[in-house]
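What TrEMBL says about this protein:
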DOMAIN    74-342  domain 'G-protein coupled receptors family 1 profile'
TRANSMEM  58-81  transmembrane segment
TRANSMEM  102-124  transmembrane segment
TRANSMEM  144-166  transmembrane segment
TRANSMEM  187-208  transmembrane segment
TRANSMEM  238-263  transmembrane segment
TRANSMEM  284-311  transmembrane segment
TRANSMEM  323-344  transmembrane segment
Amino acid sequence: MKDKNITARFEHINGHFKNISLDCPIPGFCSGSMQDLFINCFNQTWNTCQQCGVGREAAFMIGMIIIGLMIFFGNALVVCIGYRRWKRDDLSRLDICKVSLAFADIITAFQFLVVIPNNIVWSMKLTPAELIKRWLVLKRSPEAHAGGMFLMFGVTSSIFHLLFVAMERFYALIKSANYVSVQQKSMIIGLSVVWSASILASTGAAWFPHSYEFRYFPAAFLFIPGYTESHHTAAATAAWVVLYVIPFILLLVSCAAGVVFVCRNGKKRAGKNSPLFNRKKHITALKTIVFMQIGFTATTIPTFVVAFSNFLHQSDCAVSDRAYMIAFYIGMANSLVNVIIYSLRHQKFRDEICDIFKPGSLRKKAAKSALQLQTKTNQSNTHSVTDKL
């Protein structure tokens with residue numbers, strides 16, 4: 001009789017969650033289907049359930065903390081290097097953008113280090129039925145709004161920063177004479193607009209409470225915005241397109257336009273616009289932006305693939321939400337990709353990192369390079385004198 005009652009309650013709950021995406025009320029790292037987990041662990045808390053357990057919880061939390069620390073310290077290094085260059089009066093416009101983007105990525109580190117572990121702890125202390133009740137309480141709550149908007153703020157700030165940097169690089173290439181006269185103050189104003197736009201976009205779902213809602217996503221231990229069960233309006237869809245889709249498309253177009261411009265013009269315009277404009281340097285910067293764009297796209301594609309796959313065919317709740325969980329975290333890990341790109345592409349960036357941990361190493365390397373250059377110059381002068389004799 002007890003098993004029949006549990007099965008009946010599961011079927012009722014499953015019917016409620018079946019047509020709602022990103023709402024499977026089970027932790028993502030638990031093994032088994034929703035039915036197996038709900039029936040086997042009905043009277044147990046998630047952390048005592050054999051298919052979840054404290055071991056899985058600890059391993060998952062440690063993984064989140066490690067990723068968060070990598071994102072935090074990686075971007076903190078970018079900020080530190082930017083500060084050191086500013087002190088040396090060697091801070092470029094691109095460096096300002098990188099530092100601002102690093103602060104945006106640190107927001108994601110906060111998600112991994114604070115938000116996700118906290119949500120794991122309280123979620124795993126509940127039974128399946130208690131977690132569902134908690135899910136209903138949190139739905140559209142102030143806590144859900146704050147958590148959802150904070151998550152979206154990290155996403156939108158990255159998109160708008162990359163868009164700004166890509167457009168800035170493209171302008172530097174096509175209007176090099178004008179770009180030389182652009183002051184750093186203008187860059188700071190532009191980045192202020194970027195941050196304002198990011199805040200505005202992150203609150204977009206709150207503008208249409210009848211079409212969107214913020215709720216807890218237990219599989220990934222995050223608060224997210226999503227469609228309500230009722231029909232969403234055309235205005236809400238248009239807002240989603242304007243705030244999220246169009247900026248991403250513009251980002252792709254800006255990078256592609258910069259690449260096409262460089263390929264078509266080659267070295268023809270090099271040095272013609274202004275002797276102060278280092279075209280090679282800006283082309284190198286454009287390549288870095290293209291790699292950043294590739295990294296951003298590669299880490300966000302899994303979310304769209306999973307969403308589209310789930311749209312085409314209804315899959316098991318636990319399976320689809322585990323896929324969403326993995327895709328979500330891959331997308332959030334993009335905050336570490338930029339630091340990796342800087343490290344792989346720029347020897348100067350790597351040297352400055354070494355100088356932070358080994359003070360004076362950069363100065364010694366510069367002195368060594370100067371000595372080698374002087375030696376080569378002396379040797380060249382000696383050979384020249386010898387040839388004349």
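The backbone N, Cα and C atoms fix where each Cβ goes, and this holds for glycine too.
Just so you know, TrEMBL annotations are computer predictions that nobody has curated.
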Cβ contacts under 8 Å made by the transmembrane segment (102-124) with residues that lie 6+ beyond its boundaries: 27, 45-47, 52, 57, 60-61, 64-65, 67-69, 71-72, 75-76, 78-79, 82, 131, 134, 147, 150-151, 153-154, 157-158, 161, 198, 216, 218, 220-222, 332, 335-336, 338-339
Listed stretch, out of 58-81, 187-208, 238-263, 284-311, 323-344, that has the most CB pairs under 8 angstroms to the transmembrane segment (144-166): 187-208
Mean predicted confidence [pLDDT] for the domain 'G-protein coupled receptors family 1 profile' (74-342): 80
